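Structure record follows, encoded as structure tokens.
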Ligand SMILES: *Cc1c(COP(=O)(O)O)cnc(C)c1O
């Protein structure tokens, strides 16, 4: 038997049925008109923003990294609660534009930006986090052609990385950002060309649950920003300290103590070099804000035994939820928090492997987990599914129907 990840405490049950935002899973399935579906409880996202604000120094701005979950209702909700949005593509930029985002609080990072994406960002007035010298040259040329002053920041590839993170994006040779020693020369060129130089973006990793690693990374980022500012001879208007706050996915994951991160950051900010006195600092988070607010719900289509092992075959799988199948940034498949949503809290009677309908052994939602008595027609819930779910999955693989996405807020369902 393999353990499952921790089910977020915010979810209630009623007579054995999982409740999400005050609605029972079977009711949600009827209202949605199909399974599988993802449901995002926006009230849980609100609670995360409030927790962040209470834990962090007041002067820190919070941005939402849209790539974690680009559903328009999620964007609109988090846009109303945070100080800005971070994009990773021109497509995301179009989405937030259509959601009515204030472009002076939107930034766009990511390697390999195409000219039309640069043009869209510059013409909308979003800040480009430049990922290479070449990109800087193209951005300046486009801005000149359009006759506008571009807002440009430089993404720095720092010499350090976020230790213990699920995905490291800094330290050593990386496709992200510009090596720190080449940054001052580039910034001087941007300023000389008349650009509105915004500052630095220092993003060194994702999915960390380690207070010391995050705090050290933030301290090092502030110190690096000060060194770069001295080398350039100018104060950056803003410094994006990255994010990397993780959430628990598997059995041994312990939730991040954000309150401790906040107090360590307070100390680091008070001790900062005078050249950064008037700099606006921000943190950009994706999964920590929305990850635990989402649940993926599928229905059991078949119940079968093979060589003494029980399998539940569901209508959902890795085509909608690659991450839960262990194939998105996980080295070895470990179980997400998964439950039979129709029989919450019921006594377990054995173990089962929960698979999807795809013809590949990779298509597993949970391996060998303890289960209660469950039948065809019961619902399976995969928690911690609000970030990197549907939008990070191979939805066309095997041409199965698309999953729906719905949101609940204040007990009301929006399809
Ligand atoms: C992916 C990414 C994020 C969001 O990461 P989370 O782990 O979801 O918080 C933020 N910023 C950048 C630059 C990214 O690439």
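Every residue, even glycine, has its Cβ placed from backbone N, Cα and C.
TrEMBL entries are annotated by machine, without manual review.
Taken from TrEMBL, the feature domain 'Orn/DAP/Arg decarboxylase 2 C-terminal' covers 37-386. Mean pLDDT, taken over the domain 'Orn/DAP/Arg decarboxylase 2 C-terminal' (37-386), works out to 96 on the 0 to 100 scale.
Annotation comment: TrEMBL describes 47-289 as domain 'Orn/DAP/Arg decarboxylase 2 N-terminal'.
Over all protein chains present, the Cβ of residue 67 (N6-(pyridoxal phosphate)lysine) has 19 other Cβ atoms lying within 10 Å. Look at TrEMBL and you will find 67 tagged as N6-(pyridoxal phosphate)lysine.
The annotation active site, proton donor is assigned in TrEMBL to 359. Sequence-distant neighbours of residue 359 (active site, proton donor) (same chain, 6+ residues apart, CB-CB distance under 8 A): 398. Classification of residue 359 (active site, proton donor) by DSSP places it in coil, neither helical nor stranded.
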How would DSSP class residue 67 (N6-(pyridoxal phosphate)lysine) in three states?
helix
